[in-house]
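Noted in Swiss-Prot for the protein shown:
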- 3-23: transmembrane segment (TRANSMEM)
- 43-63: transmembrane segment (TRANSMEM)
- 73-93: transmembrane segment (TRANSMEM)
- 95-115: transmembrane segment (TRANSMEM)
- 135-155: transmembrane segment (TRANSMEM)
- 162-182: transmembrane segment (TRANSMEM)
- 209-229: transmembrane segment (TRANSMEM)
- 248-268: transmembrane segment (TRANSMEM)
- 283-303: transmembrane segment (TRANSMEM)
- 309-329: transmembrane segment (TRANSMEM)
- 346-366: transmembrane segment (TRANSMEM)
- 379-399: transmembrane segment (TRANSMEM)
Amino acid sequence: MKIIVKIPVWMLLSLFILSPTTETIYTSGLPSLTKYFSIDGCITQITSTLYFLGFAVGILSLGRLSDIYGRRPIVLLGLFIYIVSSIISIFSVNIEMLMIARFIQAFGVSVGSVIGQSMARDSYQGAELSYVYAILSPWLLFIPSLGSYIGGYIIEYSSWHYVFVFFSLIGTILLALYYKILPETNYYIDFSQSSKYFEVFNIIIKDKILWLYAFIIGAFNGIYYGFFIEAPFILIDKMKVLPSFYGKLAFLLSFSAIFGGFLGGYLIKKRQVHDKKVMSIGFIFSLCGCILFVVNAFILEFILVSNGLAISMIFVPMMIHIIGHSLLIPITLRYALEDYAKVTGTAGSIFGAIYYIVIAAVTYCVSKIHGETISNFSLLCLVSSISSVISFYYICILYKKKSIVANEK
């Protein structure tokens, strides 16, 4: 694969963080939206499910277009859609209008994920790509956690409308910046125009390893976003915590992300630990965190404790899980599409659509099990983590079979 330009890591970061930060800022206002529209919390949570579905549609289509027309013009188009939909959201008169606007918003902002990943693969290869993802990983969780902090203050001192005003301003700034300095990284634009989308699609449909990687990424991100969807109702509505204080608590999760990211970078770069072993360590952290989460959640069901202790019992397990998340996801992203170098945009869009559908499914489950306590959500986290471990075990088996077949040839 030929590299024509290496996009700076900071520019990749600015692409990657827009979507998750948009979601975490938004979820801080879910209880406020519930009261404003006089609806059940589970209905408000479905706006996030629709956001992830819109994201899946966006990456499925816009990633393909970036193979044909280049990365740069599609990024600019996506940002324009993001800005317009954010403005529409400000003037939503009912929850249905907001749901539609959120779907469109996600469609536009999906360029940050799918084309950002394509640009990363266009620019870096092999161990260098793993290292870049490991460096980016803590910031991909740190900055969205900061989003909860920002969202909490916006909600506390104004209203949910100003969340979308903020999105509009950020989108406008990024559009102007990218228009001026974003490079084109796709060397295979001409090749992509002659490639057949459905041929790639048919290959991916039969690629069991890619599907399993997509499930793992979707399940782990589903846990992460599901927490931000459910936690505001528990802390702000039930424990009567101020939105700004909730934002500060959510921000604490970022320190686990930073630790996990730097641990991953240290193990890969300094200790030369194999990627698969780093992934296994990530799964161990996740399982430990999710098991502790379930235990603590059921203790809180039957024993009355202070708010401070209850908050610790909710956040500490999630911090442990997020360390595992930071170790696991960057490496998974590197390996998932290593066989699709010449159709990175197309393959990445299909792959991304699959794992965002998984995220949407997990967040939908969160809305269906929404209740007075967090015990149902903790069980969902544990099931998702265990299912991911099983998927990883099956991936290892498939790799061994693949290696045996290759050696026989």
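Residue numbering: from 1, along the chain as shown.
Cβ from N, Cα, C; glycine included.
Here the transmembrane segment (135-155) has Cβ contacts under 8 Å with residues 9, 12-13, 16-17, 20-29, 32, 162-163, 166, 224, 228, 242-248, 250-262, 264-265, 322, 325-326, 329-330 of the same chain, all six or more residues outside its ends. Between the transmembrane segment (43-63) and the stretches 73-93, 95-115, 379-399, Cβ pairs under 8 Å are most numerous for 95-115.
Between the transmembrane segment (95-115) and the transmembrane segment (309-329) there are fewer than 3 Cβ pairs closer than 8 Å, counting only pairs 6 or more residues apart in sequence, which means the two stretches are not in contact.
Most Cβ pairs within less than 8 Å of the transmembrane segment (73-93), among stretches 3-23, 162-182, 248-268, 379-399, belong to 162-182.
Same-chain neighbours of the transmembrane segment (162-182): 11, 14, 18, 22, 25-26, 28-29, 72, 75-76, 79-80, 82-83, 86-87, 89-90, 105, 150-151, 154-155, counting only residues six or more beyond its ends whose CB sits under 8 Å from a CB of the stretch.
Proximity of distant same-chain residues to the transmembrane segment (3-23), defined by a Cβ-Cβ separation under 8 Å and at least 6 residues beyond the stretch ends, is recorded for 48, 51, 55, 75, 82, 105-106, 109-113, 115-117, 119-120, 122-125, 132, 135-136, 139-140, 143-144, 146-147, 167, 170, 174, 177, 181-185, 187, 225, 228.
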